[in-house]
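Chemist: Dropping the structure in here first, questions after.
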Amino acid sequence: MQTTRIAMEDASFPYRLGTDCAEDVVARLAALEASSYLVVADTTVAELYGAALTAHIDKEAGPSHLLTHEVGEVHKTLATVSALAEQALGRGADRRSVVVALGGGVTGNIAGLMASLLFRGIRLVHVPTTVVAMLDSVLSLKQAVNTTFGKNLAGTFYQPVEVLADTAALRTLPPREIRSGMGEVVKNALAIRPAMLDRLAGALRPDTRYDDETMRWIIAESLAAKADVTSGDKHERRSGLVLEYGHTAGHAIEHASRGAVAHGAGVAVGMTLAAEVSRRLGHADAGLVALHRELVAAAGVEPAVPDHVDTALVKNWLAYDNKRGYLDSPPGHTPMVLLSAPGEVLHTGTMPLVPVPLALLEEVVDESAARGGAGGGAAEPAAARTGPVPDGPEAAVPATPGPVPAGPAAAAPLPSGPAPTAPAAAGPVP
């Protein structure tokens, strides 16, 4: 496996990338000499890879336990984390255990948050199986779950001991999830590494047929892009905020779509909206907007808000974006990452954010939705999935943000798998 050292201020960990390298993955896990390996996966990934991986770990590394959760963003909640932690403790987890996050961004966040909380922190290894996870989410120290107010609002910062990525896992992904990953790749090129735009434009495939060499190049460029903005900002609160490009509207579209729009596809559409907002504010020209739409379309995502997504819900979620508070924005404004040209991020003081009137952003959302028409925008049927967990929502979210008694945390069932075997009163309270 090819190793890249990911360095963010005082945080550092190896990212190991290969193809058809399952034996190397297990060898790296064995080198950690854990008392047990807590493999966290959703039910789809568990069926595809869970039994084989845990059997290999049992043989070569030590005892392993497969802890599963239901598929989808709607299950990325504190309730799921708590249920998995109870299972882990019931199966004998201790301070020398290692949490292995096997799956996409949803699983990575759930497992990462659990690792940060068990015994106030045990070792975490990411084994990503989606494009978004390989080139984006596992490169962040942010481990967060959703609340009824929005995405990723409850969490911690926690560092993995390493990332072990085998691109062979991408072969089982449906086109929807490949396109989702390419949305994040386009973001990296437009906002951080414009030098990769020419090659990327020729490499993008709407049919999602990427060879291993191209995929490894895409992942390597994304690692470099992330390093460009996080090497001095491990918590992504200053220069690292550039990684939020397209996410203000993208998260709102994703959340409001109730599973029809995957995360990266939402970000892709969100970037086209951000480019149009920048143009209307006088910061960018029509050429930048056209470039955004061309690249998003080349990635296989229609560059418009899908016509079946309720724009009223999208506009509702815009007001709850997780970048609130970074700027002292006037009333009726929300902070956004905007570009004036590829790689040219607008700043307010030292912050790569600009306060944008919500009324303007809402107008751009409405116009994009009207343009989406019968084409369906960024949506694809979630039922088309044949591979690992997608990185976007897969089930209903609350119709409007706010404390709803029957919100995701209340509705999410306990993860599948045996209940804790230890008596409720056994052992000291952690």
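In case you wondered, yes, glycine gets a Cβ from its N, Cα and C as well.
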Chemist: His235, His263, His283: which one does Swiss-Prot list with Glu184, His247 for the Co(2+) site?
Modeler: His263
Chemist: Provide the number of Cβ atoms within 10 Å of the Cβ of Glu244 (active site), excluding the reference atom itself.
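Modeler: For Glu244 (active site), the 10 Å Cβ neighbour count is 25.
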Chemist: Using a 10 angstroms cut-off on Cβ to Cβ distances, just flag whichever of Lys142, Lys151, His247 is the loneliest among these recorded positions.
Modeler: Lys142
Chemist: Look up His263 (Co(2+) binding site) in the DSSP assignment and reduce it to helix, strand or coil.
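Modeler: The three-state answer is helix.
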Chemist: List which of the recorded positions His75, Asn109, Lys151, Glu184, Glu244 have their Cα within 10 Å of the Cα of Lys142 (active site), in sequence order.
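Modeler: Asn109, listed in sequence order.
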